[in-house]
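See structure below.
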């Protein structure tokens, strides 16, 4: 019985099949390794090895962008090396302004300023004659021979016009002051010629006091009383007017 059962068990056993299928060989990629795994590149500007890969320019694998930590500048493989300053900057350079500010010339030159002012203060009429004859022309409006109107801009012309306007106002003010100082006394009082100035009459007072001192004539003549208590005063003025007519 034992032998029969053992034979039945051995005859029903099936061995496992071993898979002998080999894996296919790996395909070798022809792509270039990533710049991160490449050896460190030298900076084309300073030949420093302290560089690193940043990113791909315009998402193109053929234009990797690197950064140099030594000179702190970027460069792209196959691209032109631009002269970008450290930290970056705008391409528009700040050009210095070529416009020159025109300084307004003084009213009087340095050499003759004190003499001209003394002449204006002490002798206004003489200074007025010199101005009318062109004596102050060199002091009022000195011109710079190096000034070139063709190279000036709108701003310089506007400033020049403002200076010229100020000088004209100063000249008018000085001219009006000279005219007032040179006018005679009779012309200054022209506006008062139509006013009649009555000189004080000394005849009335002298006559009244003479009559009062002698004690007579103060109450002489017709006594006119207008109910205001001024009858004597009216009589005095009446007699004074009669004596003045005589």
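Placement of Cβ uses the backbone N, Cα and C atoms for every residue, glycine included.
What Swiss-Prot records for this protein:
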- 43, 46, 68, 71: Zn(2+) binding site (BINDING)
- 1-12: compositional bias 'Polar residues' (COMPBIAS)
- 27-37: compositional bias 'Polar residues' (COMPBIAS)
- 1-39: region 'Disordered' (REGION)
- 216-235: region 'Disordered' (REGION)
- 41-95: zinc finger (ZN_FING)
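Highlighted in sequence order, 44, 45, 47, 48, 50, 51, 69, 70, 72, 73 have their Cβ within 8 Å of the centre of the Cβ atoms of 43, 46, 68, 71, the residues recorded for Zn(2+), and are not part of that set.
Taking Cβ-Cβ distances under 8 Å and a sequence separation of 6 or more, the neighbours of residue 46 (Zn(2+) binding site) in its chain are 68, 70, 71. Packing around residue 68 (Zn(2+) binding site) is summarised by its Cβ count: 21 other Cβ atoms lie within 10 angstroms of its Cβ, all protein chains included. For the binding-site residues shown (43, 71), fewest C-beta neighbours within 10 angstroms: 71. The average pLDDT for the zinc finger (41-95) in the predicted structure is 75.
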